[in-house]
Structures are given as C-alpha cells and as structure tokens.
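Taking it in order: structure first as structure tokens, then the write-up.
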Amino acid sequence: MSTVHEILCKLSLEGDHSTPPSAYGSVKPYTNFDAERDALNIETAIKTKGVDEVTIVNILTNRSNAQRQDIAFAYQRRTKKELPSAMKSALSGHLETVMLGLLKTPAQYDASELKASMKGLGTDEDSLIEIICSRTNQELQEINRVYKEMYKTDLEKDIISDTSGEFRKLLVALAKGKRAEDGSVIDYELIDQDARELYDAGVKRKGTDVPKWISIMTERSVCHLQKVFERYKSYSPYDMLESIRKEVKGDLENAFLNLVQCIQNKPLYFADRLYDSMKGKGTRDKVLIRIMVSRSEVDMLKIRSEFKRKYGKSLYYFIQQDTKGDYQKALLYLCGGDD
C-alpha cells in the first residue's frame, strides 16, 4: 500500500480528527453574530403582512447551527413563543421544511427524520438507510441519545419493529455506532483475511453468508474497509458493489450498496443522492432538503466538488434549474456558492 494512499485514507471523513468538522462546510459561524438582533428581525419578518420570507431565509441560512439555537432561545425569551411554532404558522411548503430542519440540532434533525421514516403505514427504507449508513460513531451515539429523549423509546426498538430479516440485523448493527475507529496501525494481515472472508461468504459459494458480511462491514473501521474493498478485487472477479448486486436483493441489497458507497467515498455518495433527487421529471424534495440541511456544516464543499467532477455541472446550477422562489434561495445559500 503506497504512502500516499495511506495518507489519503487517514484524511477520510471518518478519520480526519485534526480538521474541524466545519472546515468543509458551506455554512460558517456568522462573524458579527447578535442573537437578540436576529431574534428581533425574525419577529418583525413574521409579523410583516405577507411574511418577509427573504429576511428569515437570509438569517437562518447564514448562521451556524449553534447560533440558530441561540436565536431560538432569544426569540422565546422575547416573545414567550417557540420559534419552530412561529415558523409553522408563518411559512408553508418546502421552505417551511427547510427552516424547521435548520432550527433543530443535527442529532434532533436526524432523529426526527428517522422517526418520520418509520411512522405510520409503510417504511421509508431509503431515508432509514441513508442516515444510518452515513453517520459516524459519534453522530449515531448522539442520535440514539436524542431519539430516546424525544420519543421515549429506543431507536433500535423502532428499527426492530419496523423492519425484518437480515436487513433488520444490518441496520441494528450499524445503528449501535460501535464501529472500530481508524487507528494509526494498518493491519495488512487482517485486511487480507477480511477480503478473503467477504469473497468466501459470497461470490465463491452458493448462497450468501450474510451474517459474515454484516459483521465485517459494521465492525471494522472505515479506513480498514477501504483497503479491504481494494484487496477484495484480487480474490473476486467482481468488485464489492458488483458482488452485492449479484448476491442479495431488495432492501438488503440497497443497504449494503449505500454502506459500501459511503465507506468508499462519502461526499461522492451524497453527490449521487443529490443528483438522483433532481434528475428527470420532478424533484425528490425530501432527499434534497435532508442532504442540504444535514451536510451544510459537515462536508458540503467536498460534495460540491464531487458533484461537478462527476456530472459536469455544478450542484448550484442543478438547484437553480430544479427549484424556485425563496425555497430555491434557501438551498442555494446552504450550497454556499457556484463552482
């Protein structure tokens, strides 16, 4: 394994602990921040006849999440009303969804999206898979804590009652947030062993030893698995993604594919999800909003770069073509610029 590859691996999203999370975010803390002034301006905007949506969008999309929490606190102190409730009364449609998402902490937002994906008849497997496959240990542990706080039940219990079979086992294992962290020592012997076991458990035999796949893909560190998937190609005639498509079907196939794509290149994974949400006729606004809100302070700059590289046009351009009005304005602010 080349030194360059090892350095790049150490800089992967999960393992780069030296870089502040906001370094690749499009939304930065506002420099001359004044929570009281912002709260007053939002109060005035809500009271304006017809609602001054532009002011609300300008403020909330140009403040960090921590700053938005301060604004919400200042607003409640001023008006004796909760800001999310005021937003629900003042706004509607997709713009309301974006603004309410921005007012939640990242863990509250993910917890509420997970709950919504399992509420009522039918399960939104896509949302469930995206969130659980893409969050780090730390994020998942915080989501579990906040989920219990918000809904008085465990996330794991809800996943168990809403899913079944091997798909359920994979999600439950991932949701624990117990994956090994990236270490400084690279265990080439274990990399080779895991690659061989993934091959032996799938393509090499008749039927698939899914529990073996689950244990390796949910317990090993991201950096380790990146190397395992590379090594896997020396055993199998197919790469890991092709092997998954041959071996399993349905929700389980979808979950494994999402998981491997996240491990290989998380910003590219989100770039693909964003492209899929806007391609063709109609827009999958729920996916578009969730990614723009949840990644704006994490890795939006990397996502933009991968998007432009793969699709030839900027994410900003796609959003401009696919959305309109103040909803469009909000998403473009979260995007943080054209490429």
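All positions are counted from 1 along the displayed chain.
Glycine too: its Cβ is placed from the backbone N, Cα and C atoms.
Keep in mind the model is a prediction, meaning the values are calculated, not measured.
In Swiss-Prot this protein carries:
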- S2: N-acetylserine (MOD_RES)
- 2-24: region 'S100A10-binding site' (REGION)
- Y24: phosphotyrosine (MOD_RES)
- S26: phosphoserine (MOD_RES)
- 33-104: repeat 'Annexin 1' (REPEAT)
- K49: N6-acetyllysine (MOD_RES)
- K152: N6-acetyllysine (MOD_RES)
- S184: phosphoserine (MOD_RES)
- 189-261: repeat 'Annexin 3' (REPEAT)
- Y199: phosphotyrosine (MOD_RES)
- K227: N6-acetyllysine (MOD_RES)
- 265-336: repeat 'Annexin 4' (REPEAT)
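This view paints the features noted in Swiss-Prot onto the structure.
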residue	record	contacts (Cβ under 8 Å, 6+ apart)
Y24	phosphotyrosine	V298, D299, M300, L301, K302
S26	phosphoserine	S296, E297, M300, L301, R304, L334, C335, G336, G337
K49	N6-acetyllysine	none
K152	N6-acetyllysine	none
S184	phosphoserine	none
Y199	phosphotyrosine	Y232, Y235, S236, S243
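The Cβ of K227 (N6-acetyllysine) has 23 other Cβ atoms within 10 Å, all protein chains considered.
The average pLDDT the prediction assigns to the repeat 'Annexin 4' (265-336) is 97.
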